[in-house]
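One structure below.
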Amino acid sequence: MNAPHKYLIKGVSVLGRPKTDLLIQDGVVAEGDAKGAEVVDADGLVALPGLVDLHTHLREPGREDAETVESGSRAAALGGYTAVCAMANTSPVADTAGVVEQVYRLGREAGLVDVQPIGAVTVGLAGERLAELGAMATSAAAVRIFSDDGHCVSDPKLMRRALEYVKAFGGVIAQHAEEPRLTEGAQMHEGEVATRLGLTGWPAVAEEAIIARDVLLAEHVGSRLHVCHVSTAGSVEVLRHAKARGVRVTAEVTPHHLLLTDERATSYDPVFKVNPPLRPASDVEALRKALKDGVIDIVATDHAPHAVEDKECEWAYARPGMLGLETALSITLSVLGEDWDLIAERMSRAPARIAGLDGHGHDPVPGAPANLTLVDPAARRVVDPAESASRSRNTPYAGMTLPGRVVATFLRGTPTVLDGKAVK
Amino acid sequence: MALPEAAQSQPKTILTSTDLQRVVDRIAHQILEKTQGAADTALMGIPTRGGPLARRLADRIRTFEGVDVPVGVLDITLYRDDLRRQATRAIGPTEVPPGGVDGRRVILVDDVLFSGRTVRAALDALSDIGRPRSVQLAVLVDRGHRELPIRADYVGKNIPTALAESVRVALVETDGVDEVKLFGGTQ
Amino acid sequence: MKHLLSAADLDAATATLVLDTAAEMASLAGREVKKLPTLRGRTVVNLFYEDSTRTRISFEAAAKRLSADVINFSAKGSSVSKGESLKDTALTLQAMGADAVVIRHPASGAPHRLATWVEGSVLNAGDGTHEHPTQALLDAYTMRSRLGRLAGLKVAVVGDVLHSRVARSNVALLATLGAKVTLVGPPTLIPVDLRTEVCYDLDSVLSDTDVVMMLRVQRERMNDSYFPSEREYARRYGLDGPRMRKLPEHAIVMHPGPMNRGMEIAPEVADSARSTIVEQVANGVSVRMAVLYLLLGGKS
Ligand SMILES: [Zn+2]
């Protein structure tokens, strides 16, 4: 690669503050001589710290037809991300140092975002015995988040041990909260719509019961717990209670749970099938409120690409999951409004803190690492699945008009997106 | 039945209420004459307006000769060959005349004879009900333009028409008024 | 009407039209000649992903009486069992020129998906635990012909409502047609959000009901803790002789079949004069003829 370029971002509003110029040089936001810098006209644009996604499925190794580390990285960059945490449910499962290092290396090679692998909690995600968490932590990938996502660590003893064990290297367990006995055969939120459609229900209590148990376990052993994709009002109440007691728990919500409801299933189009499922409007309302007041710490995409054949089929046979990286910022913007400081907190600073990604989550001010993204808040776009950089097309937002557009993204001073297009 | 707007502009009355009653009387007389007093005869009207016409003919025959001719209704919807050309039609009831049709002379009754396809369908429908000794056809109006080798045994009035024209029969029982009108399509 | 995917989609006028048309079809079926030329040249495909000989035969008889060409495409011994996707199967049927596809499928909503992939009409012959609209129509037809009306009828639907597509279709259709439905069964098998009356005590509803519709209860439900034992289920929710005698004189007993004699219904009840079980089968053909005619008997 050539020597890093020098960029002058002109007339940008950092987090909604008065217009300024940002000089990007040597991988940091610099102060000094802008001579010779390539000028990026940022009139009307807002600069945010590069977004950090704590929950991305990149599908490589194993399902490269649905996504690769590279294609997922490109989608992330286009969505304003500079770092993503890659979930462990690949094939083979990321439950050894070898697999996490492979994913880490593929991320570096793609060079579009920092790909931080998440390690599996249990061998093969089977929920029976602990994977070699320490080996993954000390590998080149330096894994700090462990998750069996897609599966719940439902055995309480195993969950307790995992929470305790990762304390040795400052790790955190990210739990996919779903009591499996209560969700056997579940297809969508248990409620009036599911009854009408004849689809087996996924009751809210299956999530809430696990979160309640886990916050008590985390409190008991003094460990950190992260709760993936919180989806119900009841979960929010459990978290509120736990946080008030001082439990070290953090929680995420996905863009789709902030926007869509279970009514979408009425079409039987599996593009709306996701786990945990879309919930009724009352839950959506509670999640939005919790995201604003901080009971929910972050927005995480749960970007879950799926091949066409896994979605163009009967609802019950379809895989759960939705694309999210390229639309997350727009949806968060529509939910939180142009409260840029809050958006930066929920989509960059807090997820970077939880993941321990020191180079990310810093506001783009002189001296900070130049991981940032430029957003045009006035732009409107109609979501077209065919335009996605992902290898998959399973966006639930097709045809919807969303606010805001990522114009440019910089990773350590190098643009990954310019003029709204991926640089490579 | 919805007619094209242009066709609705200047309808021409072909039969008034009095004309229509006179024509029905005449057909009733002809039937009596041709069937030697309507012995072994049943009338079957083809919906919608063939039904009331058949009943009127039976009435007149009773008045003229004191003979009770059994009357039925023959719905032909399921036998039509033009189903695909129109929106789905509702099926009407079929009422077999008291005593059935086997071995009898059955006179089909319809308002307008045009292409002959309705009658063709009626013959098929009738043959699924039984085996009449013979089948005859009585119509209020014959407007020509046959597409099948079918002719009526009793015709109230022959009205030469252009293809673009349409003949509309109204009866008190179904439309609140007795009249026959010609709607022109040639303007 | 383009498709029949769900009884919940039918408004009162359309549902009544189906029942009236079925009545005409029934009067035709009584004649010596049982075949009508109506759907000559039309192709009806029976696409069955579940074994249901009775439903398939009923649709087949209905289509054939209207002179349609019938192709039976069953999951066994076809490319379906080799894992061909529903979409690929749909494209095949499309290429074959199917005017209507009658689909029975274990997955709820499969007919809705199919309807997005084929140009012809789609008829739901039972999808998962969702709906079975022609069953509800034939049940309504049977009630109307036995009791003379539907509006104001009190209907008790008894048994495993949770897993019953028959119950869902009946609840939707009967509400549309003005009957009053009460769901009866153990709380584990009665969804609370079907927006209809619920009662957990069979004995308390019997004396004031016009129709008792017994649903098939699968013995496997017992293993999933929906109820403790067959014996307890039969005692609390089975319709036996003494219970039947609590019904008003005119009341009828229905069952969509196949029955578990001795479980949800006693042989004495199934074979009684109140039972409409055999009639339901005959009415099924007339109702399916009516539906096929209304879907295919006009301009496509
Ligand atoms: Zn998950």
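Placed from the backbone N, Cα and C atoms, the Cβ positions cover glycine too.
Feature annotation from TrEMBL assigns domain 'Dihydroorotase catalytic' to A:46-233.
Marked as Zn(2+) 1 binding site by TrEMBL: A:HIS55, A:HIS57, A:ASP149, A:ASP302. In the three-state DSSP scheme, A:ASP302 (Zn(2+) 1 binding site) is classed as coil.
Look at TrEMBL and you will find A:HIS57, A:LEU58, A:ARG59, A:ASN89, A:ASN275, A:HIS306, A:PRO320, A:GLY321 tagged as substrate binding site. Sequence-distant contacts of A:PRO320 (substrate binding site), defined as residues of its own chain at least six apart whose C-beta falls under 8 angstroms from its C-beta, comprise A:LYS273, A:VAL274, A:ASN275, A:PRO277, A:ALA304.
If you look up TrEMBL, you'll see A:ASP149, A:HIS176, A:HIS229 marked as Zn(2+) 2 binding site. Proximity of A:HIS176 (Zn(2+) 2 binding site) to non-local residues of its own chain (separation of 6 or more, Cβ distance below 8 Å) is seen for A:SER147, A:ASP148, A:ASP149, A:GLY150, A:HIS151, A:CYS152, A:CYS228, A:HIS229, given in sequence order.
Summarising the annotation, TrEMBL assigns active site to A:ASP302. Long-range neighbours of A:ASP302 (Zn(2+) 1 binding site) (same chain, six or more residues apart, CB within less than 8 Å of its CB): A:HIS55, A:THR56, A:HIS57, A:CYS228, A:HIS229, A:THR254, A:HIS256, A:VAL274, A:GLY321, A:MET322, A:GLY324.
In sequence order there is nothing to list, since none of the binding-site residues A:HIS57, A:HIS176, A:ASN275, A:GLY321 has a CB under 8 Å from a CB of chain B. Checking the binding-site residues A:ARG59, A:ASN89, A:ASP149, A:HIS176, A:GLY321 against ligand 1, the ones whose Cβ sits under 6 Å from it are A:ASP149, A:HIS176. Within the model, the domain 'Dihydroorotase catalytic' (A:46-233) carries an average pLDDT of 97. Within the same chain, residues at least 6 positions away in sequence whose Cβ sits under 8 Å from that of A:ASN89 (substrate binding site) are A:HIS57, A:ALA120, A:LEU125, A:ASP148, A:ASP149, A:GLY150, A:HIS151.
Other residues of the chain with a Cβ within 8 Å of the Cβ centroid of A:HIS55, A:HIS57, A:ASP149, A:ASP302, the Zn(2+) 1 site, are A:THR56, A:MET87, A:GLY150, A:CYS228, A:HIS229, A:ALA300, A:THR301, A:HIS303, A:ALA304.
For A:HIS55 (Zn(2+) 1 binding site), the Cβ neighbour count at a 10 Å cut-off comes to 28, with all displayed protein chains included. Of all the Cβ atoms in the protein chains shown, 32 others lie within 10 Å of the Cβ of A:LEU58 (substrate binding site).
Apart from A:ASP149, A:HIS176, A:HIS229, the Zn(2+) 2 site neighbourhood in this chain, defined by C-beta within 8 angstroms of the site C-beta centre, holds A:HIS55, A:MET87, A:SER147, A:GLY150, A:ALA174, A:GLN175, A:ALA177, A:GLU178, A:CYS228, A:ASN275, A:PRO276, A:ASP302. For A:ARG59 (substrate binding site), the same-chain residues lying six or more positions away in sequence with a CB closer than 8 A to its CB are A:ALA66, A:GLU67, A:THR68, A:GLY72, A:THR90, A:PRO305. In the three-state DSSP classification, A:ASN275 (substrate binding site) falls within coil.
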